[in-house]
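A.B. asks: A single structure is presented below for examination.
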Amino acid sequence: MARGCLQGVKYLMFAFNLLFWLGGCGILGVGIWLAATQGNFATLSSSFPSLSAANLLIVTGTFVMAIGFVGCIGAIKENKCLLLTFFVLLLLVFLLEASLAILFFAYTDKIDRYAQRDLKKGLHLYGTPGNVGLTNAWSIIQTDFRCCGVSNYTDWFEVYNATRVPDSCCLEFSDSCGLHAPGTWWKAPCYETVKVWLQENLLAVGVFGLCTALVQILGLTFAMTMYCQVVKADTYCA
């Protein structure tokens, strides 16, 4: 009986971790594609230039693949050490995510102030050599969200000595349109505009976070159940 239960949990555990591993492969693939085609896409922070979408996806994908691999091998081999390692790693990830979420909501105001200050510092790197990712990210954000600057278009005056703004700030894009009068530029602040957009899509973000947590809890349950079944089977055989 114990052996039959173990086999059932074993295949469920393997299937779960195979999907987990394939998901990691997908995330890693997207990260590598972004790095190869877009450079440091979505790099907005001057303090953390390596914190780009591509790098985050590559690191996340690699880590997810590693955890999934440990889980798959642990399930196939019925190895208590690997199963326990998988459980501990996934538990640490879950606790880290929960801690970051709590800290984010507890220090929202401080994070807001720091983020705006850091983004304004990053404006000075716009269009400079070696900062293609930051330049592209700002151009895309200002064009898609119809905004200009962090707080408003005057943020760019410190970069361009009050002479112009990037062309992506223009109501109607054309070459050197950033040299025209302020009446031809977007007035909305990018930071608040993106923040409002995130708040409007908070349900989707919440559902994604909840699904991620449920998948991790499911993985923890499978791992611990199989670990206990392996221990029972060993005891029964002994």
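Glycine is treated like the rest: Cβ placed from N, Cα and C.
TrEMBL feature annotations, pasted as is:
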type	residues	note
DISULFID	Cys148-Cys169	disulfide bond
TRANSMEM	12-36	transmembrane segment
TRANSMEM	56-76	transmembrane segment
TRANSMEM	83-107	transmembrane segment
TRANSMEM	202-223	transmembrane segment
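Show me how these features fit into the shown structure, please.
C.D. replies: When secondary structure is read from DSSP and collapsed to three states, Cys148 (disulfide bond) falls in the coil class. A C-beta separation below 8 Å, combined with a sequence spacing of at least six in one chain, links Cys148 (disulfide bond) to Gln142, Trp156, Val165, Cys169, Trp185, Trp186, Lys187, Ala188, Pro189, Cys190.
Beyond the transmembrane segment (12-36), the same-chain residues lying 6 or more positions past its ends with a Cβ under 8 Å from any Cβ of the stretch are 53-69, 71-72, 74-76, 86, 215, 218-219, 222-223, 226.
Packing against the transmembrane segment (56-76) from elsewhere in the chain are residues 10, 13-14, 16-18, 20-32, 34-35, 82-83, 85-86, 89-90, 93, 219, 223, 226: each is 6 or more residues past its ends and has a CB under 8 Å from a CB in it.
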